[in-house]
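A.B. asks: Under the heading GTP binding site, Swiss-Prot lists 253-260, 300-304, 375-378, citing sequence analysis as support. Positions annotated as domain 'TrmE-type G' by Swiss-Prot: 246-434.
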Amino acid sequence: MIKRLFCSINKNKIINEPPKLSIIKDTIYNLSSGVGKSGVAIIRVSGPQAETVIRKLIKKSDVDKNEEIKSRYATLSTFYNPKTNEQLDKGMFIWFPSPNSFTGEDVVEFHIHGGRAVIYETMEAIGLIEGTRPSEQGEFTKRAFENGKMDLTQVEGLSDLLDASTSFQKKIALKQMQGSISEFYLSLRKDLIRASAYMEAFIDFGDDAELDPEIVDQSRNRIISIRDKIQQHLNDGKRGERLRDGANIAIVGPPNAGKSSLINLLTNRKASIVSPIAGTTRDIVEVILDIDGYPVIIGDTAGLRNSTNDQIEIEGIEMAKDRFNNSDIKLFLFDSFNLFSQLNQNQNLNSSFNFNEEIKNLFNFIDNETIIIFNKSDLLKQFDNLKEWENLKLNLLDNIKKSNNLNSIQSIEISCNNNENIKDLLNLLKLNLKNLFEIQDKESPLLTRLRYKQHLSDCVESLDRYLYYCEHDVVLASEELRSAILSISEITHSVNIDDLLDIIFKDFCIGK
Ligand SMILES: Nc1nc2c(ncn2[C@@H]2O[C@H](COP(=O)(O)OP(=O)(O)OP(=O)(O)O)[C@@H](O)[C@H]2O)c(=O)[nH]1
């Protein structure tokens with residue numbers, strides 16, 4: 001049996017460590033507020049020279065040379081160029097001495113007027129002070145990470161927060177930045193360490209120890225439940241991906257049903273061409289929308305018909321079908337007037353509707369996330385047999401439900417021209433989006449990065465191998481447990497840190 005080697009430390013031995021090198025870091029500065037003219041601009045300075053920067057820029061009377069600068073206090077002051085003594089601006093500064101600052105270093109924030117010249121001259125003046133230099137992209141956050149102010153998931157949360165364009169994205173990013181994801185993964189890690197304690201102890205005791213089958217069983221059961229928890233977290237139904245990229249919504253239907261009219265109504269602008277000519281939309285017209293805080297990409301597709309010889313339109317129809325099949329929410333639009341006219345001509349509810357093959361094929365893909373929309377309800381008002389229209393709708397929905405094995409089917413009647421029921425349609429969409437985005441298991445956070453997915457999958461694989469080995473080979477089983485723990489640890493504190501940091505901080509702005 002392989003035994004672990006321990007290094008014993010002789011406490012009486014005097015260890016001559018090499019003297020520690022004190023690495024003097026540059027003091028970095030940059031504009032932390034947005035670029036461009038603004039009421040107030042904030043220049044952040046971080047590093048050992050931060051206090052010197054304050055003292056060099058302000059008038060002596062504002063803070064006496066020997067006086068301690070009040071921390072976390074907004075001090076009104078006039079700022080001067082330390083070389084020319086020319087006034088730069090009148091504003092405020094806030095002093096955050098280490099370690100209670102964003103970066104963990106000494107930090108000062110100058111709140112000045114947001115004009116280009118004021119910002120430029122103030123930055124130039126700070127640059128005159130020895131040991132200072134402009135920050136690189138994400139360098140403030142990098143220092144915060146290096147100083148243990150945040151872990152990797154929190155840094156990524158901050159990056160997402162800066163990129164968030166809808167309120168749901170913001171909500172999740174804020175939670176992540178404040179440590180919700182770290183807490184979840186750290187507690188999984190802790191559970192794994194606890195569950196592995198027995199195996200480790202057994203190996204440490206060596207050949208003399210006997211495996212207590214009951215304790216092995218307990219340990220194995222604990223690992224199985226942790227493994228299942230991770231697997232459940234991994235099966236998040238692509239919620240995390242959707243949060244970043246937006247949910248895909250496709251509008252499909254026969255030509256002239258009003259698909260472009262609907263997308264224009266939902267987006268409140270003319271995104272797609274509306275015309276009475278069938279086959280107007282050929283390509284997929286995509287619009288990014290924020291519906292109730294959820295990010296959404298909505299696509300208007302080519303009208304589905306098979307009576308065309310137009311090669312471009314045929315290609316557009318193929319793309320529409322593909323988009324429909326791969327969408328999170330499908331809006332299947334019909335022209336109510338057209339449908340009802342067919343009935344009035346045929347007078348036979350049971351006869352199959354005159355749908356073209358392309359439409360009939362797509363019926364197979366109608367699922368729980370499809371909303372059947374009967375548009376142009378305004379045109380129905382001219383008929384006096386509307387009861388039959390209700391029967392016709394029920395008949396059609398029933399047919400689809402039966403052939404697709406669905407318990408229920410979502411449908412709504414609207415008029416794009418008269419704005420009828422558009423609010424109700426939006427509410428239906430919001431409900432569907434809520435189900436898509438919001439996780440049922442409140443304890444488990446959203447999987448917002450592919451990186452987490454990879455480490456978690458590695459962890460599950462190691463745990464599966466552990467479960468296989470633990471019956472026959474305790475050492476190998478224990479090795480697998482250790483590598484499972486390492487995989488989880490990598491999420492918050494990656495081992496290949498430099499490569500990863502470069503990727504993460506590349507997305508940051510210079511003042512962050
Ligand atoms: N009366 C009425 N007409 C509508 C309504 N919605 C759309 N239309 C009209 O129907 C015609 C076709 O509308 P579009 O929005 O271009 O239809 P489409 O489904 O995008 O058509 P294709 O691009 O050919 O697939 C236009 O003349 C619209 O003004 C509605 O609610 N009521």
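Every residue, even glycine, has its Cβ placed from backbone N, Cα and C.
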A.B. asks: Suppose you look only at the domain 'TrmE-type G' (246-434); what would the mean pLDDT be?
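C.D. replies: Taking every residue of the domain 'TrmE-type G' (246-434) together, the mean pLDDT is 80.
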A.B. asks: Cβ distance under 8 Å to Ser377 (GTP binding site), same chain, sequence separation 6 or more: which residues?
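C.D. replies: Sequence-distant Cβ neighbours: Ser336, Glu413, Ile414, Ser415, Asn418, Glu420, Asn421.
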A.B. asks: Would you count the other C-beta atoms found within 10 angstroms of the C-beta of Gly253 (GTP binding site) for me?
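C.D. replies: The answer is 24.
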A.B. asks: Could you tally the C-beta atoms, other than its own, that fall within 10 angstroms of the C-beta of Lys259 (GTP binding site)?
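C.D. replies: Excluding its own Cβ, the number within 10 Å is 31.
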A.B. asks: Quick check on the binding-site residues: of Asn256, Thr301, whose CB has the lowest count of neighbouring CB atoms inside 10 Å?
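C.D. replies: The binding-site residues Asn256, Thr301 were compared, and Asn256 has the fewest Cβ atoms within 10 Å.
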